[in-house]
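Student: Quick one: the structure is below, and I'll ask about it shortly.
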């Protein structure tokens, strides 16, 4: 007996030591990654200092205040040099007011100096000649990590540029930094255990959104004029909403995703029913249009034959014909804060006054879409494959609720579902990220799930066509959440998630800011039934006076130019108020 106890004690001690050693190894890898990042940022600061010594009279504020179209014009005519512009933005990034306050950078790209030399050798100046561009962590750049905020990816050095980066470079752009992301990309906060929490530059108590949160923070902080993000549930649009930017999620296949680091899990590799879309983020709509115009070129169609060879349609973007606009200010699933609904109502009135035709539109069956289509896509296996990406990792606090749910035994989830089901119908609508998520238990069920998504798309388009709509105006989640809250409210993203399921182009335009009156009205907000989810939302968005308030603009698949044209109209009307 004593021998058995000794053996048992020895085994327990060995397990404890093994776990301790494993944790120490993880921490060492994370420290090395942070050290490498910090060394890169020091190189960036040193390069800026050397440039400043050579050219001390640069008018930094004048350059940073130029809109993208104005900057490209100055660069092409030669009144500004690409080198001056690049180092002006590098200085802004390395200065205290951007990265050190928001922690938005994941890496400096020193090869930007090589690209600077390369564009000066090019025979023709591309549409983005001399423009510094920031890119999201997982958009592949040769010689750099693509971490997805995970320790297991700290050895993943990209062997070549992604197609999108190659096309940017061909058009004269200079990728100069990579930006931070949430762990596994499956969050609309922006925090991971390796590089930490990214903050909103407009209010450091608030999240910049996610998963393209580093991009949102950097551009809103003035450290980049154009960035590239990705979107599979709102990851371009939510940071744009939270940070007061314009952002476009195109139809997924409109831009190449070749050589983008996508984890081998349902969540991040973007299964066929809900594909990943890459798109631009910037300060204004014209910048998004210029970026799309530059990317939709022969070079992209040649490098990635799976991208339909559809060049940018200038005629559609520049049209001034009146539009027939469908609108709604709630999807009937997760009631948004009063200021976001106010934004839709005010924009609707402005569009009507400008001569557009406004038609009430009600998106069908959103509770079904959220639980049976969207979440079931990502948790088809109960989240087991997603959990694998955290093997040998420390789980970020923002993801612990989802991870703990996925770890809950299936039998316990079933019992929970049975116990909670009789309570009330409205509670069912709120249990989107708890026990009500169903899984696909066979290949047949998975195929049926794919069919259900296609059937819903057909239903939605039929309803759209019956009303003869050109575009739709609708709300987006906002204003910016206090950090830590996005992980508690996964179910709040129905406003953006819908257009990933549908694979429609959708863009964000800031139109207002939170007022004292909005804050007072928020105190009366009860949501569906004044339950814990509604109270959490109230807590998440409170204290946001002065923060951006945006709307969402939507078009049918492959009509990015029409979506951008509508966004431009909304932007112009909001600025004329």
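Cβ coordinates come from backbone N, Cα and C, glycine included.
TrEMBL labels come from automatic prediction, so no person has curated them.
Below, the features straight out of TrEMBL:
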ACT_SITE  136  active site, charge relay system
ACT_SITE  211  active site, charge relay system
ACT_SITE  235  active site, acyl-ester intermediate
BINDING   185, 211, 232, 233, 234, 235  substrate binding site
DOMAIN    96-564  domain 'Amidase'
Student: With Cβ-Cβ distance below 8 Å and at least 6 positions apart along the chain, what are the contacts of residue 136 (active site, charge relay system)? List them in sequence order.
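Tutor: Within the chain, residue 136 (active site, charge relay system) has Cβ neighbours under 8 Å at 178, 179, 181, 211, 212, 214, 215, 227, 228, 229, 230.
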Student: Within the same chain, and leaving aside 185, 211, 232, 233, 234, 235, name every residue whose CB is within 8 angstroms of the centroid of the CB atoms belonging to the recorded substrate site, in sequence order.
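Tutor: So the extra residues in range turn out to be 186, 187, 188, 210, 212, 230, 231, 236, 238.
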Student: Measure the Cβ-based neighbour count of residue 185 (substrate binding site), defined as the other Cβ atoms within 10 Å of its Cβ.
Tutor: 28
Student: Check the domain 'Amidase' (96-564) for me and report the mean pLDDT.
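Tutor: That region's mean pLDDT is 91.
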Student: Within the chain of residue 234 (substrate binding site), which residues six or more apart in sequence place their C-beta under 8 angstroms from its C-beta?
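Tutor: Result: 188, 476, 477, 493, 495, 496, 497, 500.
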Student: Taking 185, 211, 232, 233, 234, 235 as the record's substrate-binding set, what's the max Cα pairwise distance in Å, rounded to a whole number?
Tutor: 11
Student: Do me a favour and check the Cα-Cα span between residue 185 (substrate binding site) and residue 235 (active site, acyl-ester intermediate); whole Å is fine.
Tutor: 9
